[in-house]
C-alpha cells in the first residue's frame with residue numbers, strides 16, 4: 001500500500017494533471033494531422049499522416065506476415081527474404097541500389113517480427129516518388145539469385161551467433177517457445193541453423209506468392225507526403241500485385257505453463273522472465289492490461305531514481321534485489337504475453353525477488369489504489385506520445401495499427417481509451433489474466449536460488465501461498 005505521503009503527492013499530482021487535461025492537452029491532441037486511408041482496387045491499403053511543415057518523410061510497406069506464417073520446415077524464410085531483397089532486382093544491381101539510396105541521402109531498412117514484415121525508407125520529401133519506386137521494385141522484382149542466397153547464409157548465421165550472445169533475446173525466444181509450444185508463434189524469427197543452411201530460392205518464391213499479396217499490405221507515408229500523390233505512386237508501383245485470399249488465418253495457440261532454466265553459474269547476472277497469457281490487439285482488455293503493466297513499472301539502478309513510483313521498484317531498490325526490471329505487455333492478433341523481465345546480480349536473493357514480484361502481481365487483483373492507477377495512466381499516456389517523435393515512429397504506428405485494427409487510432413482516441421481505465425478494470429483483468437493463472441518462466445545465468453515452478457505457481461493464489 002502506498003505511504004500516506006505518497007498518496008497525498010499522488011492526489012495532488014492527479015488534480016494538477018486533471019486541470020491540465022481539461023484545457024490545452026486534449027486540444028493539442030486534436031490538432032494532430034488526420035490519418036487518411038484509401039484502398040486501391042487490388043486490395044492494397046494506402047495510409048498517410050501528412051505534415052507539410054517538415055522537409056522529410058518516411059514511406060514504407062507493412063506486410064501482414066512474419067515468422068508466424070511459417071512452418072517448421074521453412075522457419076526463418078521471412079527473415080531470410082528480408083535480407084535477400086536488397087541484393088538486387090531485375091532493374092537494379094545491389095551496388096546500383098545502394099548508390100541510388102546514398103545519392104538521395106536516404107536510409108532504406110527492413111525488419112521482421114512474428115506477425116509483420118516491414119520495408120521502409122527515410123528520405124527528403126522531394127524523393128518520395130523514388131523511394132516508393134525502390135520499395136515496389138525490391139518487393140516484387142528481386143532476382144533471388146541462388147549465388148546471393150548462398151552468400152547470405154553466412155551473413156545470417158553470423159547474425160544468429162550475435163543474437164545468441166544477447167541474453168535478453170535468448171530469454172524472450174525461449175519464453176515464446178515455452179508459452180506457445182508446437183505453434184508457429186513460438187518459433188524464432190531467424191529460424192534454426194539447419195533451415196538457414198538449406199532454405200532455397202523455391203522456398204523464398206513460395207513465401208512471396210503466399211504472403212506478399214495486396215490485401216495483406218499497407219503502404220504508409222508520414223511527414224511531408226501528399227496522400228493523393230502517394231495513392232498514385234502506390235497504384236503505379238504496386239497496382240499489379242495479386243489480391244490474395246485475405247488476412248492470414250492462424251490457429252490460436254494454447255498458452256502452456258512452463259519452466260525453462262539454463263543455469264550458467266559463471267555468468268555475473270541472472271536474467272529472468274515471468275509471463276502469463278495476455279490479450280490480443282483488439283481485445284477490450286488490452287488497455288487495462290497496459291495500465292496494469294505500467295503500475296508494475298520499471299526500474300534501473302544505474303538511472304539513480306531515488307524515488308521510484310511503483311511499489312515493486314521501491315522494494316527492489318530498498319533491498320537491492322535487482323539491477324533492473326521492465327514490465328511488458330506483448331500483443332499479437334489473438335493472444336499476448338503479460339509479464340516482467342528482470343536482471344539481477346544478487347543471485348542469493350532470487351527467492352525474495354520472485355516473492356515480491358508475484359506479490360505485487362497479486363495486489364493488482366486485490367488492492368490497487370486510485371492514486372496508483374492515476375499515476376500509471378499518466379505515465380502510460382506520456383510514453384505512448386513520446387514514442388511518436390519523428391516520421392518513422394509515426395509511420396510504424398500507422399502501419400502496425402492498420403494491420404491490427406484495420407484503422408489508425410488517433411492520439412486523442414488512445415488518450416481517451418487509457419483515461420477510461422478504472423481501478424475496477426485493473427482488478428478485473430488482473431483476476432482474469434494473472435490471479436491463479438499458469439505462467440511461463442525462463443531463467444538464464446546463476447539461477448540456482450530461483451524458486452521452482454510449483455512454488456512460484458502456488459504464490460499466484462493467495463489462499464495457497
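Even glycines carry a Cβ here, placed using N, Cα and C.
Computed from a predicted structure; not experimentally measured.
159 is the residue from 49, 115, 159, 161 that Swiss-Prot records in the Zn(2+) site together with 79, 83. Of the listed binding-site residues 79, 83, the Cβ environment within 10 Å is emptiest of other Cβ atoms at 83. The Cβ of residue 82 (active site, proton acceptor) has 20 other Cβ atoms within 10 Å, all protein chains considered. Other than the site residues 79, 83, 159, same-chain residues with C-beta atoms no more than 8 angstroms from the centre of those residues' C-beta atoms, the Zn(2+) site, are 76, 80, 82, 112, 152, 155, 156, 190. Sequence-distant neighbours of residue 159 (Zn(2+) binding site) (same chain, 6+ residues apart, CB-CB distance under 8 A): 190.
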